[in-house]
Amino acid sequence: MLHVEMLTLVFLVLWMCVFSQDPGSKAVADRYAVYWNSSNPRFQRGDYHIDVCINDYLDVFCPHYEDSVPEDKTERYVLYMVNFDGYSACDHTSKGFKRWECNRPHSPNGPLKFSEKFQLFTPFSLGFEFRPGREYFYISSAIPDNGRRSCLKLKVFVRPTNSCMKTIGVHDRVFDVNDKVENSLEPADDTVHESAEPSRGENAAQTPRIPSRLLAILLFLLAMLLTL
């Protein structure tokens, strides 16, 4: 009898976990590949932007060269996350923080890749939490600067939850620099420009809350088992 009730408990827990998920979440995450170098035509236009959903990924690929290319001909960058003003002026000094550093152009293992997951919650004190309906901004500065003012910048719009359709599958979909050139979803007038600050304090330790129905069922079944 106890064995049957334990199986029932496990079944109910699994059922509640499945059906208590956010309806806007996706079974498959999209990955957006961005090649961070000055020869990328989308950076040259100055309006490079992508639209993502919560739980999607941004994969940034650093410049990479053959060994025959001299050091002074390679590109190196420090990438920053900034606010809207920093994005507009391409200035990370006023309001921004360092995200990644592309400093190994001759890496023997291929180009350096950095990934950003657009998640609502992060367990890391220096991680970043993203919100649907808001814009986020990345810029870079060259290493060394040498007085050059070339500005590479990227704008990311996190779509509202209701515009992210559920997807069924088992593999991530990958979009490279030539995919999704036309972006049909432009931010609405009420789009919020998110301030570039890493999550700290209370927000850094947040995790999705357990649904109250699930907690009540677990407590009820636990009480039943204790009375046996």
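Each Cβ is built from the backbone N, Cα and C atoms, and glycine gets one as well.
Within the set CYS62, CYS90, CYS102, the cysteine that Swiss-Prot bonds to CYS151 via a disulfide is CYS90. Looking up CYS62 in Swiss-Prot gives a disulphide bond whose other cysteine, out of CYS53, CYS102, is CYS102. Ranking the recorded positions ASN37, CYS90, CYS151 by Cα distance from CYS62 (disulfide bond) puts ASN37 first. Comparing CA positions across the recorded positions ASN37, CYS90, CYS151, the one lying closest to CYS102 (disulfide bond) turns out to be ASN37. Taking every protein chain shown into account, CYS62, CYS90, CYS102 are the disulfide-bonded residues, and of these the Cβ with the most other Cβ atoms within 10 Å belongs to CYS102.
Rounded to a whole number, the C-alpha distance linking CYS90 (disulfide bond) with ASN37 (N-linked glycosylation site) is 16 angstrom.
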